[in-house]
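To keep things clear, I will list the structure first and then write my remarks on it.
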Amino acid sequence: MARTIPLERVRNIGIAAHIDAGKTTTTERILFYSGVVHKMGEVHEGTAVTDWMAQERERGITITAAAISTSWLDHRINIIDTPGHVDFTIEVERSMRVLDGVIAVFCSVGGVQPQSETVWRQAERYQVPRIAFINKMDRTGADFFKVYGQIRDRLRANAVPIQVPVGRESDFHGLVDLVAMKTYLYTNDLGTDIQVSDEIPEEVQDLVAEYREKLLEAVAETDEALMEKYLEQLEGGEALTEEEIRHSLRQGTIKGLIVPVICGSSFKNRGVQRLLDAVVDYLPAPTEVPPIKGVLPDGEEGVRYADDDAPLSALAFKVMADPYGRLTFVRVYSGVLQKGSYIYNATKNKKERISRLIVLKSDERIEVEELRAGDLGAALGLKDTLTGDTICDEANSIILESLYIPEPVISVAVEPKTKQDMEKLSKALQSLSEEDPTFRVSIDSETNQTVIAGMGELHLEILVDRMLREFKVEANIGAPQVAYRETIRKSIRTEGKFIRQSGGKGQYGHVVIELEPGEPGSGFEFVSKIVGGSVPKEYINPAEQGMKEACESGVIAGYPLIDVKATLVDGSYHEVDSSEMAFKIAGSMAIKNGVTKASPVLLEPMMKVEVEVPEDFIGNVIGDLNSRRGQIEGQETDQSQSIAKVVAKVPLATMFGYATDIRSKTQGRGVFSMEFSHYEEVPRSVAETIIAKSKGN
């Protein structure tokens, strides 16, 4: 089956932002104007097309990255609407991994918020080109240029307005396109009657002149040939054409040198068609982004170009239980994925058969025969393929770069309300953990309780809610527990020697390691410096495995050991008695012996907390954060709205129930956001209490 839309006319984009910036409403309007839906859905009414989980419709927040296909100006646009709540960071992370461009939505009143910064960092990590859409221009306090300044200063982006709004706040009724130098005025509520003219309204003429000049400067700086022409224009030479500006702006955006900034009000149906034009004009096709990299079977780096005739390579970026069956969402990078075909999962070294392929219009599933290079869709029939796995041709195997998956920071014990539900609970937990890699399930070895871990209170709340709704399991939930960790502060040399003689064949394994503190965030790092065969090659891996397993339980309070580096420097073996198991045990002993002498300390997760409150309450809030062992890092006041903002680093252990506390301390007018920052040493007095508790004292 031939390709119906050329690859150059495909756009894979995400819509990402802070919670309440208006992402889902923006997606709804895009679907309305591009003809996918014929009636607008509203988030606050619970009718949005992309919010199709029951909890999303109730809470008015988008939890899972819904993938939808639409068309505009003969281009196919595949859209992923991502959640703005920090507890669902993995959804943003996995969508960034498979996108070619992003619309970053900002509220024209709230501006750059903490989650805007998180999303921006994720887009930076994957080098995804961006357009900034400053939304809610009709709101009281809306300020396009203030938010544009925040994008430049706080996100350090080379943001360049390519539009200027016409009218302020409730009078916002149009915009001037600085590339085409045309005015667009909206004359009806649906935003479908638009007056287009070459005349610039008098009240914005000075602003238009100022920002048109900034736009020309910015595009000229990304293109030497254009810079010459621009300098000649300043001296009375030929002016830059609209095509030249558009072309350079496109190239600058794709290379990440420029972020075009546009404005609108999705709720009031203003500016959405121009946003779609900008997606087509400035965001890249799959052929315009760097080829995807991966590892070939021989360990060398390989690349796959976006081409239907190249060998198949695709990444599974999400797994979801669905009434249809188990959906595995994939992004095809090269080649063609066909319904009914056998695929090779290079990550798992397994073959599987795809029974059906579908593309989504949110609730609606449309069956297709194939997915081609650059396509996003979902496969049914894959039982072993999980998030981050590579699907490819067995004859042309490659393992693509996977996703960055953050560690969970909070855990709770969970048990079914009735014994009969035990089996249903374990099925539910398995299904949910397959869908969400930041959701972990384990069994506490001492209490034998089932423990679930995630990214925050809301994350776990929603997962427990889903257990009840989708799997009909009622569960009792314990109090939240903090994911403490242990590490070392001193470098030492230590050894592990395992010898067992009990008649017949004995056991012998001996390793000498240098144990030292690792880089923050490095986890466990192993290096072998064995020369001369004091430890045979076949025993090095088992020794490393033993060390890794020993790190799963530290010596102070049994929490996992992180940020340590172990270098294998020496050892000895026995021709007959040595075995892989003996060296695995010796490796484990070396870590346990060494850690006790290497000044072990307890670490706790620190959260970046941002609180916004009316000025009158700021003293109370700062005092409260200090009492929670918080470190205040910054404070600013928006005089125009009498709102104060505080940024602090606070231990997660002291933040449980903060949502209720902040409401009572600010008469319900305070809002806050919280995300994981880093691990930090627990003060000794606090550590003693935690250690005593872990030992049951």
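Every residue, even glycine, has its Cβ placed from backbone N, Cα and C.
Taken from Swiss-Prot, the feature domain 'tr-type G' covers 8-287.
In the structure as shown, the Cβ atom of ASP20 (GTP binding site) sits within 10 Å of 18 other Cβ atoms. Per Swiss-Prot, GTP binding site is recorded for 17-24, 81-85, 135-138, and the stated evidence type is similarity to another entry.
Taking all protein chains in view, 29 other C-beta atoms sit within 10 angstroms of the C-beta of LYS23 (GTP binding site). Model confidence over the domain 'tr-type G' (8-287) stands at 83, taken as the mean pLDDT rounded to a whole number.
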